[in-house]
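Under the heading transmembrane segment, TrEMBL lists B:7-29, B:68-92, B:104-124, B:136-158, B:193-215, B:235-257. The annotation domain 'ABC transmembrane type-1' is assigned in TrEMBL to B:68-259.
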Amino acid sequence: MTATVSTTSVTPTRRRRRSARLSPLLVAFVLVPFAVESVWVFWPALQGFWFSLTRWDGMSPPTFVGTDNYVELAGDATFRGALLNTVIWLVLFGGLSVLGGFGMALVLQKERRGVGFYRAALFTPVVFSLVVTALVWRVFYQPDGIADTLLRAVGLEQLIRPWLADPQTALYAVILPALWRQIGYVMVLFLAGLKAIDPALHEAARMDGANAWQRLRHVTIPQLKGVNAVVLSVIVIDSLRSFDIVWSLTKGGPYHSSELLSTYMYSTAFQSLRLGYASAIAVVIFVLALAVILGYLVRAFREEA
Amino acid sequence: MNKLRTGAFHTSMILLSLLWLGPVLWVVVMSTRSFDDIAAHGVGSLPQSFTLDTYRQAWTDGGELRALINSMLVTVPSVALSLCLAAMAAFALSRFRIPGRRTVLLLMLAGNLLPPQILLIPVAKFSELTGLYDTLWALIAVQVGFGLGFYTFVLHGFMRDLPGEIQEAATIDGAGTAQIFTRVMLPLTRPALAALGALSFTWIFNDLLWAITVLRTDDNMPVTPALLGLQGQFVSSWNVIAAGTVIAAVPTVAVFLRFQRHFVSGLALGAVK
């Protein structure tokens, strides 16, 4: 059962539903999971907003300070840097993984010899955690590691630098492994979408004399509209959440040069123990994610209806 | 012309595959090199030695065995519990006219889409309050709570599309709600459960953020955060770190290989929904 089947086979006919009265068992079926999620998600989320209006070191009780934290955020250079880095992350990590994943899906969509192997190769890193990915790439970036060895081999030793320790390169040196892992994932999503397109549409377009580019532009891409929306939402949410890879490679450093909102929030909370201020950063992340979540839900809502 | 094209396709794809598999193979090879070899020739050189002692060091001295056990103690119950609860909710919401069911479903999904950062501090404090802080129970609870919404949403979409006649037939045969759920619905939902199971196993097993939020003691850490600790412990012993990395990757790779088909369709199932 793939996504493609489940999205296309939604029957519009309302089926008759059994049993009009609600048994206590059914109520429990809904309420127990909902209660679990409430305790560990909904209630903490509400508390998060409240904490963002307080000053709190985690030991003594929080003191209400109104919007002080937000005012301070506006003048915090590290926060602004992290915000900018998050935007760069969104554009580069998000944009390139969509382009790369879509490109690979197009190239590998046709069943032919070797395609299975290539797909598997690109997909392999998806199975690893970002911490494992980070360690794999650490070897690459080590002084005298693979990157340096390769550069030396092609006579570009003047480019060699401490990739992860140089503020100029740290952020990009972290994005690369994140991309390496994400492209295979996005490729799978697009492969599923491409498989769902009726081949007759392409056939008809070819009969009408459309070339490969025109078929891509006027048949494939419009047909992928649903997948595109989901991939974009997933990517934006993933980008805002990104934490593991940065934390394992640089912890946001050096000098906050690879700091994202998520890493800044974590270190502010659990290392500087400024829980109120960190909550305000979390609220900013939430607000940025909200637009996407709403878009996602509106779409889901329409489908459910 | 066509032959030329095929050749170009395979050449470029083989290069690309190497680019993807190369770093992984490199780490596996490095995990079998001796410390002296790496110290003398650097991590970028080809291997001149072979040893498996690195694995013993990571396994016992590095505490990876303990960490792997912790990971399994968290992952297996979390996956089972969240799929069980999600299946219950999805069953009730998709097969019965429960008032406000659509709102409940979307609210649950929205909970999973929240950025976890907004939850970190309150969850850490709440687990302290309940005495769960720094225990694996806290991690299980938060993994179940956070994942539920998404699993419910996917299972709901799946169950909704099952034909109503099966349920009607079971009702006529005198099956109660619980029996319909366990005997009819769950078996029919197996492909989706397998997909979600494989997927959530890797998600929970690979998690870092929640673990370092609700756990403090090294002895309680699952494999992913333990791997970061290994790095501090074996600074510049790249062979041991590489061995630890391989160990940490084996369970998810095994699950992936075993459930490959489900895993891939699960990814698509989740995203395209």
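Here the Cβ of each residue, glycine as well, is placed from N, Cα and C on the backbone.
Counted as Cβ pairs under 8 Å, contacts with the transmembrane segment (B:7-29) are highest for B:235-257 among B:104-124, B:136-158, B:193-215, B:235-257. Same-chain neighbours of the transmembrane segment (B:136-158): 70, 73-74, 77-78, 81-83, 85-87, 89-91, 93-94, 105, 107-113, 116, 119, 123, 127, 189, 192-193, 196, 200, 203-204, 207, 210-211, 214-215, 220, 222, 269-270, 273, counting only residues six or more beyond its ends whose CB sits under 8 Å from a CB of the stretch. Listed as Cβ neighbours of the transmembrane segment (B:104-124) (distance under 8 Å, sequence separation of 6 or more from its ends, same chain) are residues 89, 93, 98, 133, 142, 146-150, 152-153, 156, 209-210, 213-214.
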